[in-house]
Amino acid sequence: MLKQNGTVFRPPVLTLVGIPGLESVQFWIGIPFCTMYILALFGNSLLLVVIKAERSLHEPMYIFLAMLGATDIVLSTSILPKMLGIFWFHLEKIYFDACLLQMWVIHTYQCIESGILLAMALDRYVAICDPLRHAIIFTHQLLIKIGVGVTLRAGILTVPCLILIKCRLKFFQTTVVSHSYCEHMAVVKLAAEDVHINKIYGLFVAFSILGLDIICITLSYIRIFITVFNLPQKEARLKAFNTCIAHIVVFLEFYALGFFSFFTHRLKVHIPSYIHILLSTLYLLVPPLLNPIIYGVKTKQIRDGVYKIFFPKGDS
């Protein structure tokens, strides 16, 4: 590792500090984080098992939910093991290439989750606004294409973030990442060179994927609510609205935390770094924890499937 004029030339190893300002209590912070991670793994794994086992759940809404559960497992696993290593065992070092890989996995699966949420919104839109054509439109072939499409879109658009860091940035003013995981801007800010292209491309990816998705989701639900409120029977309105509540809660928790983390990292907002890092970490932990709970509570078919797994001889 060569040094020149106070800068480091392509450091092979970086140091993740965890949560700056809270180093003395990081051990204790790791306990609730670990608990949330274990519950998220259990809940999403159980969700996948239930959906696979119950043939009645092999429908678009539940298949999208299974995709969401698998994505949440990968997303939370991409940060928690390393983070707990920092908090509990002082394993702050991470290879530069491993840091870039973690960064790519995190941001790719964030974008995949956004795409799945958009697909779920469109599924609800067709199911409520054009129910007679739902089975014709949302075939298994279309579900496969959607899964492949959102994955390729996310993976391809986030790869240049790695290339721009790896190929453009040669000198770094420090090797200490003031974060608990390798977030794009946290790594870019280490550079001692012009990073405007990196920042601009990061904004492009965020707005072309997350921004476009949330606009489409919002428009879908505006149209859904118009249709629901125009239904003649009160019972039909309540049933249709009830099927959307779980989706709306999931959308709000994902995008509200996500955009807060995104903008506080890029705008000069006077928020202590430890608060930003805690919230950005919760952004990757809370949705995986709450999603199976929200859908499990709101969806009778999933509750029945869970009951059959734990009480196979009981009446469902």
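Glycine is no exception: its Cβ is also placed from the backbone N, Cα and C atoms.
Nobody curates TrEMBL annotations by hand; they come from automatic prediction.
TrEMBL annotations:
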- 27-50: transmembrane segment (TRANSMEM)
- 43-295: domain 'G-protein coupled receptors family 1 profile' (DOMAIN)
- 62-89: transmembrane segment (TRANSMEM)
- 101-122: transmembrane segment (TRANSMEM)
- 142-165: transmembrane segment (TRANSMEM)
- 200-222: transmembrane segment (TRANSMEM)
- 243-263: transmembrane segment (TRANSMEM)
- 275-297: transmembrane segment (TRANSMEM)
### Task
Using Cβ atoms only, state whether the transmembrane segment (275-297) and the transmembrane segment (142-165) have three or more pairs under 8 Å that are 6 or more apart in sequence.
no
### Message
Could you check whether the transmembrane segment (101-122) and the transmembrane segment (27-50) come into contact, where contact means at least 3 Cβ pairs under 8 Å with the two residues of each pair 6 or more apart in sequence?
### Response
no
### Query
Looking only at the domain 'G-protein coupled receptors family 1 profile' (43-295), what is the mean pLDDT?
89
